[in-house]
Amino acid sequence: MKNVGINGYGTIGKRVADAVACQDDMQIVGVTKRTPNFEAQMAVEKGFPLYISAPEREGLFEEAGIKVTGTIDDLYDKVDVMVDCTPGGIGAKNKEVYSEKGVKGIFQGGEKHELIGKSFNSFANYKDNWGADYSRVVSCNTTGLCRTLKPIDDLCGIKKVRAVMVRRGADPGQVKSGPINAIVPNPPTVPSHHGPDVQTVMYDLDITTMALLVPTTLMHQHNMMVELENPASLDEVIATLEATPRVMLVEAGKGLGSTAEIMECARDLGRPRSDLNEIAVWKESLNIKDGELFYMQAIHQESDVVPENVDCIRAMLEMEEDPAKSIAKTNKNMGIS
Ligand code: NAD
């Protein structure tokens, strides 16, 4: 049984904590919070030992009546790996501390690949992270791109990808992000950083991306144009995506024609927090024209990277050599299709 700590029990951290807690080969030995808010209270109620990530703020937790087990300095000795889910940019600074303490670290997509040294996606480069001390689970958008591009690349090879990503302006719980009444090219420069980010795990892929922000909180949406290396039929592509774990074909004709309806379906599935860990690909959008594959997909930004964090733990702690077995185990324990 491997011991896992979560540094930063926020949107991603609380989900990774639950995903680890439902596996049978790893357990949560502590989660950290900086602020004594409802998430800190709920971590304690769930039975996760709570540590303060900023020891000088201990008085705030006392004032709020939230019982803590200690400070983050007490947690380092207890973990085999720290999954760092702090806001973008902080993880890279924490890496220096983990290194001093001799603790392995998994970081999230808000960190720069160059500062962490390695990146991870379960389908693209699991084996390259075997025994690694530090790695970074690529962002929610990059995870979504890899989930569908890797099986297509395996099927028939990819000559070139162009993708336009429509990004959610904020997560549902965020009150300080936007826009609320605009479409914002973001970044306004072309290409966006997403293509190079995919290349941190699918090293040789020729991919160029553009992105914009829109006033929605539910999901990201991607519009994919993929020049195929070798001929493939639409039926073969559909069969490949249907057979790919963590990918779900949805049909507008069956009432799933928008991100709103897909998330309504996720609520009906009864998953924790109404999460949809799978990438939803609109079946009707799949088409091949002159050797180029077109499709549209939707990404639940708060949850698609969560099972990837569990697989990354198994790769870095040398617990399961076969990526397919880790993916299947994570999925089974989390109830993912
Ligand atoms: P969040 O703001 O929801 O949670 C961050 C947590 O870290 C909070 O609990 C906060 O209290 C804590 N924290 C803040 N400053 C800290 C510090 N100095 N030291 C320790 N803890 C601190 O953030 P999030 O959305 O969960 O994002 C975390 C990481 O995951 C980022 O790298 C982000 O880019 C990435 N990510 C986010 C999403 C998403 O949609 N939210 C999707 C994929 C990846």
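Backbone N, Cα and C define each Cβ position, glycine as well.
TrEMBL: automatically predicted annotations, no manual curation.
Binding site for NAD(+) per TrEMBL: THR11, ILE12, ARG168, GLN301, plus GLY110 from the candidate set GLY65, GLY70, GLY105, GLY110.
Every protein chain shown contributes to the tally, and the Cβ of GLY195 (D-glyceraldehyde 3-phosphate binding site) ends up with 21 other Cβ atoms within 10 Å. Across the domain 'Glyceraldehyde 3-phosphate dehydrogenase NAD(P) binding' (2-140), the model assigns an average pLDDT of 97.
Within 10 Å of HIS194 (D-glyceraldehyde 3-phosphate binding site), as judged by C-alpha distances, no binding-site residues are found among THR11, ILE12, GLY110, GLN301. Only SER139 of the binding-site residues listed as SER139, ASN141, HIS194 bring a Cβ under 6 Å of any atom of ligand 1; the order follows the sequence.
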